[in-house]
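In what follows, a structure is listed as structure tokens, so that the remarks can point back to it.
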Amino acid sequence: MTNLKVIVRIRPLSQRETKLHSTSVVDVINQNTLAVTNLKVSEQNAGDSRERTRRFSFDYCFDEDVLQDQVFTVVEKEVKTAIESRYHSCVLAYGQSSSGKTHTMMGNFDEPGLIPRFCQNLFTYLEEFSLTSCGSLQCGVSYLE
């Protein structure tokens, strides 16, 4: 198990961006790779030490159509693996304003985010762990926005 897992979630275009006929410059290629297009580099000038499209690799990549429960399933697996291995675990949402951090972490009534889902399942995890291990588990939770 590596020390850090990086999961990228691309947010859909906002209503304002859609009205302005904006296009996304980030494309998810597969589960682990995304491509970012630099619109300032023209197709003709690409290759003169500048790349129009660059690929980046991560542990997981989610496109703009992913549902909250799909994100939770992946993150939950990683957190449970850490708990079972007696590692500390932290889930952090990072990004610029309006990039979807609060939506991913808190969600809404119809599609809860990571925090409400973890809170709902936390004691089940602890009970499962205590039944399958010989020892105690200490749990502390904090939240900062």
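Here the Cβ of each residue, glycine as well, is placed from N, Cα and C on the backbone.
What you see is a predicted model, and the numbers here were worked out from it, not measured in a lab.
If you look up TrEMBL, you'll see 3-145 marked as domain 'Kinesin motor'. Per TrEMBL, the feature ATP binding site maps to Gly95, Gln96, Ser97, Ser98, Ser99, Gly100, Lys101, Thr102.
One way to see the shell of the ATP site is to take the Cβ centroid of Gly95, Gln96, Ser97, Ser98, Ser99, Gly100, Lys101, Thr102; the remaining same-chain residues with a Cβ within 8 Å of it are Arg11, Ala93. Per-class residue totals from DSSP over the domain 'Kinesin motor' (3-145), listed helix then strand then coil: 46 helix, 23 strand, 74 coil.
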